[in-house]
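First up is the structure itself, then whatever we jot down about it.
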Amino acid sequence: MPMGAIIARYLKVFKSADPAWFYLHVLCQFSAYVVGVAGWGTGLKLGSESVGIQFDAHRTIGIILFCLGTLQVFALLVRPKPEHKYRLYWNIYHHLVGYTVIILSVVNIFKGFDILEPEKKWKHAYIGVIVALASTAVLLEAYTWFVAIRRKRSESEGKLPYGGVNGGEGNGVYGHGVRTQQA
């Protein structure tokens, strides 16, 4: 699931990655959803067979994850077009629910480790994967800002005095919105 978020956050910046980033994002998130539903089903089965043994926090987080994940899948059916006036609100919802699901998933996996008490190497391996994904996200975030700032500079440097790009009417002197009188 974090890979799908990383793909959506950082690949869509590159015009050449459109629409591939979207399909990769959907593939990762749908795969995570299927694995999550399988885990939820396994939890229901084990819970029904383990009378008197309850892991309330793990179960509650699992139910919340199932509900939020299912809500995300169905939200795709009502996703507005990019130019629609409600798309901003849909994006806010999608990001908030998506990042909440990722955080709750990480927490619940640690709760599962505490329940199962596997060898420490499994928990350490999981921590390694989370650290690697977080480090990748931080590096890509820095690179994305670098690319965005460089694009903004190159766009503003391409503007000529007297309000235009290549002599046409434009956004003012050097793109700052200050209008000058042309000679």
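Residue positions begin at 1 at the first shown residue.
Keep in mind that glycine also has a Cβ here, set from the backbone N, Cα and C atoms.
Note that TrEMBL annotation is computational and uncurated.
Taken from TrEMBL as is:
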- 1-149: domain 'Cytochrome b561' (DOMAIN)
- 21-40: transmembrane segment (TRANSMEM)
- 60-78: transmembrane segment (TRANSMEM)
- 90-113: transmembrane segment (TRANSMEM)
- 125-149: transmembrane segment (TRANSMEM)
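Residues 1, 3-5, 7-8, 11-12, 14, 62-63, 65-66, 69-70, 72-73, 76, 98, 105 of the same chain sit 6 or more residues outside the transmembrane segment (21-40) yet have a Cβ under 8 Å from a Cβ within it.
Counting same-chain residues at least six beyond the ends of the transmembrane segment (125-149), those with a Cβ under 8 angstroms from any Cβ of the stretch are 2-3, 6, 9-10, 13, 106, 109-110, 113. Counting residues per DSSP class in helix, strand and coil order gives 126 helix, 0 strand, 23 coil for the domain 'Cytochrome b561' (1-149).
Looking at the domain 'Cytochrome b561' (1-149) alone, the prediction's average pLDDT is 91.
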